[in-house]
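Reading through the structure tokens given below for one structure.
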Amino acid sequence: MKSLKAKFRKSDTNEWNKNDDRLLQAVENGDAEKVASLLGKKGASATKHDSEGKTAFHLAAAKGHVECLRVMITHGVDVTAQDTTGHSALHLAAKNSHHECIRKLLQSKCPAESVDSSGKTALHYAAAQGCLQAVQILCEHKSPINLKDLDGNIPLLLAVQNGHSEICHFLLDHGADVNSRNKSGRTALMLACEIGSSNAVEALIKKGADLNLVDSLGYNALHYSKLSENAGIQSLLLSKISQDADLKTPTKPKQHDQVSKISSERSGTPKKRKAPPPPISPTQLSDVSSPRSITSTPLSGKESVFFAEPPFKAEISSIRENKDRLSDSTTGADSLLDISSEADQQDLLSLLQAKVASLTLHNKELQDKLQAKSPKEAEADLSFDSYHSTQTDLGPSLGKPGETSPPDSKSSPSVLIHSLGKSTTDNDVRIQQLQEILQDLQKRLESSEAERKQLQVELQSRRAELVCLNNTEISENSSDLSQKLKETQSKYEEAMKEVLSVQKQMKLGLVSPESMDNYSHFHELRVTEEEINVLKQDLQNALEESERNKEKVRELEEKLVEREKGTVIKPPVEEYEEMKSSYCSVIENMNKEKAFLFEKYQEAQEEIMKLKDTLKSQMTQEASDEAEDMKEAMNRMIDELNKQVSELSQLYKEAQAELEDYRKRKSLEDVTAEYIHKAEHEKLMQLTNVSRAKAEDALSEMKSQYSKVLNELTQLKQLVDAQKENSVSITEHLQVITTLRTAAKEMEEKISNLKEHLASKEVEVAKLEKQLLEEKAAMTDAMVPRSSYEKLQSSLESEVSVLASKLKESVKEKEKVHSEVVQIRSEVSQVKREKENIQTLLKSKEQEVNELLQKFQQAQEELAEMKRYAESSSKLEEDKDKKINEMSKEVTKLKEALNSLSQLSYSTSSSKRQSQQLEALQQQVKQLQNQLAECKKQHQEVISVYRMHLLYAVQGQMDEDVQKVLKQILTMCKNQSQKK
């Protein structure tokens, strides 16, 4: 029977058996042959789950054993099988970056778009791990690139989040959505800016990522780039914003064209002279970006001829046009500076500084050229505003260069036009570059303004949260802070106004480009009113002197006009020297004023630094004051709660008194409602007796009337009988009968009415009797309410006692609350004391830390000395080793000598002396060997001791005795070295 049962027993294939364990072990070891043999056995399955939820198929994919996977696939394993976590073999291969396994699975028709429990595909895991080959294979097999997981992430977002820029490039090239967002509203650009991956940011911007998108918190990509503190990413974003703004609002070039037209009309130069701007070379770009690279180039022979003769006015006018354009562009930059926020103005002003410095250097070069040829025209370039006035005067003369040129001019008109073309083209190129830079700055300023607005919104929301607090002191603090903010804003505005005035002076030529670097950061400073007034006075003085310089320049220009008209008069040498000395004095005065202003500025900076330090100290004091204010607020809250408790207890007492009064009133009202007064009862009894007597009289009357009616009936019957006896006619008889019938009917009706009346009266009498009985019962019960009254009184007294006990309990609770408040106050005082103790402990701990640091430094120094000593000891050991080697060599020599002596002794039978000498030498050799062994032992012991001490010193566990010994050793070593 057992054999039959065994034959017909069905083997359960889902149960875990030994073959499955062996299969897992073979996959773990990567033994493909063993895997193939085990899969051929019954009961073994590659997709069977163990107790931990693992399968052999998934383990092979996770470990990257391609041969094992191939064997399993040939045995017909389910490729789409998932483990307990919802991962397929493809997911695990991608998660562990095994691209060969991914290729094998995809070739065996494993779906690339399969999703696990978190909504991720294999491409999600490959992108997150940064395996480019796996991503390429999955994309070749058309894995969905823009499929989102449960968190809203596409593979591009995961690649950017983990900083894999190569995969980001690849996915973007294969159609990944650049502006895709996750559930928190973040795009790939925001994530790249947050982690600071400049390569990913660059790739995303090239593929058209939208910089204006905002996440669920209201932050854009520029905000996250500031969090990462990567200047390269910030510059990339700002340049992209500026380019987008250029495409949207192409108004700036038109304004520039209008300015150029106006300047050309003022100068009066013919349109043919303006050559088209050449393409921007790298050298020019470097000239614009780095002001230090600009150097003054020497003039050629043709240019010297050109500047030596009167027609050089055309080039002066072109230079003035360029400078006018530059002044307009700088005014645009100044207006932008007012709009930008404090945080971004520093970066933008630093960029502007570089550009302004490069321009000023270029202008200096031109001025040097002019000064080399004509000092009068060089002085004419000192003020920027004077160019506009001179252009109108020089217009007609520039329009007729042939008439004004003297016959002794060496340069031809073609040379003049060529030199003018070169200068104008260079200047136009630089102006265009500056305009582009200014447009970039405008974009950056707009983006910074948007961020400033966001910050203001956050500030307002935080203020609203602060306002929600109950403490009035917090609101007072916030109002104080807002007042301080307003004051700082007003100071900031005043400082900005002064910056603008300084920049205007830059245009007038009063401020040097070197001082511009100092003034660029002036907007950060909060200057007091007295300093501002002093600076304003200095500026006014400088402006007055600039006006004087303008007048001098105008006089020079008038002289130039006279020279153009034909009166070519060469000034004498004395006048030229006087003019030169006057201009030198003016320049020296201006330099002195600049130095004075710079000193003032430095003093203001120092004072502002002091103010900042005081502000910081005030902020720390305010923080401590806020803690004290919070404590005071808590004390006030406790006092208010005590007051509320006392008020509630008073209200409770009043309510109890009212309750007692109400109960007394209610008891009286209930008694009066339930019982009738005796006088009222007697009146009611009298009324009922009277009504009863009346009813009895009415009854007697009704009975008498009834008897009368009966008598009349009897009489009538007798009459009828008599009439019957006496014969009467039928008609009369009928009449009599009808009359009698009617009379009988009437009488019957009267009788029925009387009966009804009697019944009603009897009912009334019964009611009155009932009332009498009830009144009698009430009268009998009138003696009972005293007991009930006593019961009520006792119950009320018990309630009063209960209420009194409750009152006592409430009073006790109040006392407990009061005691708790006292305890809380004492605890607060204890906390204060503990806080003070903790602060003292902190100070002491800090001192201990400082002492420990000093000790640690000393220990380090001692360690260094120990190391030196160890090095010296090693050197000594080396010397000892050398000596030992020498001794061993001597010993060998002695042994050889002994051997030779022994041979001689054998041969010549040496004397006893030689044998004694040999023995002595052997003893010396033994002694030396013993000394060597002892030295080695001592050396090893010293090394072990030093090692132990060094370890203890590193761990900070060196004993004081050891330190003293080490110090003594070091002093001994020093003394020995000094003696040597």
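Note that Cβ sites are derived from N, Cα and C of the backbone, with glycine treated the same way.
These come from Swiss-Prot:
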| type | residues | note |
| --- | --- | --- |
| MOD_RES | MET1 | N-acetylmethionine |
| MOD_RES | SER11 | phosphoserine |
| REPEAT | 18-51 | repeat 'ANK 1' |
| REPEAT | 52-81 | repeat 'ANK 2' |
| REPEAT | 85-114 | repeat 'ANK 3' |
| REPEAT | 118-147 | repeat 'ANK 4' |
| REPEAT | 151-180 | repeat 'ANK 5' |
| REPEAT | 184-213 | repeat 'ANK 6' |
| REPEAT | 217-247 | repeat 'ANK 7' |
| COMPBIAS | 247-259 | compositional bias 'Basic and acidic residues' |
| REGION | 247-301 | region 'Disordered' |
| MOD_RES | THR249 | phosphothreonine |
| MOD_RES | SER281 | phosphoserine |
| COMPBIAS | 282-299 | compositional bias 'Polar residues' |
| MOD_RES | THR295 | phosphothreonine |
| MOD_RES | THR297 | phosphothreonine |
| MOD_RES | SER300 | phosphoserine |
| MOD_RES | SER304 | phosphoserine |
| MOD_RES | SER318 | phosphoserine |
| MOD_RES | SER327 | phosphoserine |
| MOD_RES | SER329 | phosphoserine |
| COILED | 349-374 | coiled coil |
| MOD_RES | SER358 | phosphoserine |
| REGION | 387-423 | region 'Disordered' |
| COILED | 425-947 | coiled coil |
| MOD_RES | SER512 | phosphoserine |
| MOD_RES | SER515 | phosphoserine |
| MOD_RES | SER667 | phosphoserine |
| MOD_RES | SER915 | phosphoserine |
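Residues of the repeat 'ANK 6' (184-213) grouped by DSSP class, helix first, strand second and coil last, total 17 helix, 0 strand, 13 coil.
Helix, strand and coil counts under DSSP for the repeat 'ANK 3' (85-114) come to 16 helix, 1 strand, 13 coil. Counting residues of the repeat 'ANK 4' (118-147) by DSSP class, helix then strand then coil, yields 17 helix, 0 strand, 13 coil. Within the repeat 'ANK 7' (217-247), the DSSP-based counts of helix, strand and coil residues read 25 helix, 0 strand, 6 coil. Taken through DSSP, the repeat 'ANK 5' (151-180) splits into 16 helix, 0 strand, 14 coil.
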